[in-house]
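Listed in Swiss-Prot for this protein:
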TOPO_DOM  1-28  topological domain 'Lumenal'
CARBOHYD  N8  N-linked glycosylation site
CARBOHYD  N18  N-linked glycosylation site
TRANSMEM  29-51  transmembrane segment
TOPO_DOM  52-175  topological domain 'Cytoplasmic'
BINDING   E120, Q123  Ca(2+) binding site
Amino acid sequence: MEKLTDLNYTLSVITLMNSTLHTILEDPGMAYFPYIASVLTVLFTLHRASIPTMKIALKTSKCSYKVVKYCIVTIFNTLLKLAGYKEQITTKDEIEKQMDRVVKEMRRQFEMIDKLTTREIEQVELLKRIYDKLMVRATDGIDMTKEINQKNVKTLEEWKSGKNPYEPKEVTAAM
C-alpha cells in the first residue's frame, strides 16, 4: 500500500497530466480541453482510490470475488450517474435478493388468503348449522309428555291395584 495517502504524489501526477496535455494540445482553439482534463482527472482519482480500497477489501474479506464485483459495479454505477443516466447496473445477488423478497411477500399473501378462506368456510358451516336448527320440520304427532313433564306417568293397567292412587276419591265428612 505504497503511496496510499501521499497527497503530494497525487497532485504531482495531476499536474504532470495537465502539463502534458497542455504541451500536446497547444492549439488555443481547442474547446474540449477542460472536459478531457476533467474526465482524465476523475478516472485517475477513481484509479487511485479504488486500487488501495480493493486491496484492503480483498485482504480483510473472505469472499474476494464478491468484493471485486461490488467495487466494479459501484464504479460503473457512479460513472453512469456522472454521465446522466438514471439506470443502474445490478448484480445477480441484488436480483436474487429482490426475487426472495417478492417470493416471501407472495407466500405471506397466500397464507393470508388461506386463513381468510378457512374462516369463510367455517362461517358458512356455522350459518348452515344455524339454518338447519331454524328450519321448521313437519312432524306426524306432537309428543306432549315433554311439555307437561309426564314422561313417567303410568297407565291404569300398570298400577298394582288397578286403580290410580292419585285420583281423588269421594270423601264424606260428618258435620
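Each residue, glycine too, has its Cβ placed from N, Cα and C.
On a predicted model such as this, the values are computed, not experimentally measured, just so you know.
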Among N18, Q123 [recorded positions], residue with fewest other Cβ within 10 Å: Q123
Averaged pLDDT score, the topological domain 'Lumenal' (1-28): 64
Residue pair Q123 (Ca(2+) binding site), N18 (N-linked glycosylation site) - Cα distance, angstrom, rounded: 81
